[in-house]
Amino acid sequence: MERGNHTVTEFILVGFTTDPVMQLVLFMVFLGVYSLTVVANATLIVLICNDSRLHTPMYFFIGNLSFLDVWYSSVYTPKILMTCISEDKSISFAGCVCQFFFSAGLAYSECYLLAALAYDRYAAISNPLLYAQTMSSRLCICLVVYSYTGGFVNAIILTSNTFTLDFCGDNVIDDFFCDVPPLVKLACDVKESYQAVLYFLLASNVITPTALILASYVFIIAAILRIRSTQGRRKAFSTCSSHLVSVTLYYGSILYIYSRPSSSYSLERDKMVSTFYTVLFPMLNPMIYSLRNKDVKEALKKLIWLTQSDV
């Protein structure tokens with residue numbers, strides 16, 4: 001692909017450090033995080049599939065989030081591990097495009113799934129007697145399909161616009177994966193049209209779901225305030241607390257990275273924030289949704305007991 005009278009065939013990922021000792025330490029840290037991410041999310045998926053008490057719309061969405069988080073983390077972490085222990089820091093142009101596309105598609109899909117989960121919590125609290133009827137299996141499946149479709153359609157738009165930028169022959173990416181900020185830094189000239197595309201995608205994939213989540217919680221709070229007993233209010237709010245924590249952490253980091261003009265990108269600072277939502281957040285998500293959840297704990301105890309019985 002020719003850009004700026006140069007042919008860009010690969011990129012070099014700088015990563016976090018060039019110190020061999022620190023690279024080894026980071027390899028062990030990221031390997032541990034990735035292993036825990038896969039095990040925790042896979043365990044949650046197994047529990048949701050096997051325990052009939054978890055066959056509800058809320059856990060259907062949580063199970064899909066866990067599936068997405070395993071896939072999301074796998075887009076980044078294996079390459080990070082390779083760059084930590086290998087002298088070859090390169091990633092092919094096609095590999096960079098693929099990583100960029102899947103990371104954007106999965107990130108956008110998670111935004112939509114979190115919005116769908118907010119609507120689910122609204123339906124459960126505002127009218128619990130009609131919850132099963134409102135959140136039918138058909139609606140839940142449609143919301144998940146729409147989330148992935150919307151996420152990857154918008155990823156196509158972002159990817160096609162990003163990789164038609166002029167890179168001027170410079171192929172060193174000061175980051176650990178192919179992302180908007182470091183690629184924009186390599187571009188010779190970022191036109192206003194590209195910045196407009198970024199703002200459009202931010203509005204459609206982050207701002208709009210955020211507005212839907214906020215609207216859902218306005219109605220949720222109103223419904224909770226109508227509950228007369230303190231215990232009932234506390235129980236209703238506890239069903240939303242995990243989702244609120246997840247939304248705050250994920251949307252906060254996404255908005256910080258992508259809501260600013262490209263001229264204000266700070267790669268070192270952005271690299272730390274990116275590490276959180278690409279590597280750490282997929283590990284934290286299953287813990288957020290399970291540590292304070294009685295049903296999940298009971299399902300885990302049952303699974304452990306059945307496993308020990310078979311042994």
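Here the Cβ of each residue, glycine as well, is placed from N, Cα and C on the backbone.
The domain 'G-protein coupled receptors family 1 profile' annotation in TrEMBL covers 40-289.
TrEMBL lists 24-49 (among others) with the feature transmembrane segment.
Annotation source TrEMBL lists transmembrane segment at 56-72 (among others).
Annotation comment: TrEMBL describes 92-119 (among others) as transmembrane segment.
Below 8 angstroms of C-beta separation, residues 57, 60-61, 64, 101-102, 104-113, 116, 119-120, 197, 201, 204-205 of the same chain, each at least six residues beyond the ends of the transmembrane segment (139-157), sit close to that stretch. As annotated by TrEMBL, transmembrane segment applies to 139-157 (among others).
Annotated transmembrane segment per TrEMBL: 199-225 (among others), in sequence order. Same-chain residues lying 6+ beyond the ends of the transmembrane segment (199-225) with a Cβ under 8 Å from its Cβ atoms: 108, 111-112, 114-115, 118-119, 121-122, 125-126, 150-151, 154, 157-158, 233, 236-237, 240, 244, 247, 251, 254-255, 258-259.
If you look up TrEMBL, you'll see 237-259 (among others) marked as transmembrane segment.
Feature annotation from TrEMBL assigns transmembrane segment to 271-291 (among others). Note on the transmembrane segment (271-291): residues 16, 30, 33-34, 36-37, 40-41, 43-44, 62, 65-66, 69-70, 72-73, 75-77, 80, 103, 107, 174-177, 179, 242, 245-246, 249-250, 253-254, 256-257, 297, 300 of its chain, located 6 or more positions outside it, place their CB under 8 angstroms from a CB of the stretch.
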Long-range Cβ neighbours of the transmembrane segment (92-119) (under 8 Å; 6 or more residues past either end): 1, 8-11, 58, 61-62, 64-65, 68-69, 71-72, 75-76, 79, 143-144, 146-148, 150-152, 154-156, 158-159, 162-163, 173, 177-179, 183, 201, 205-206, 209-210, 212-213, 216-217, 243, 246-247, 250-251, 254, 277-278
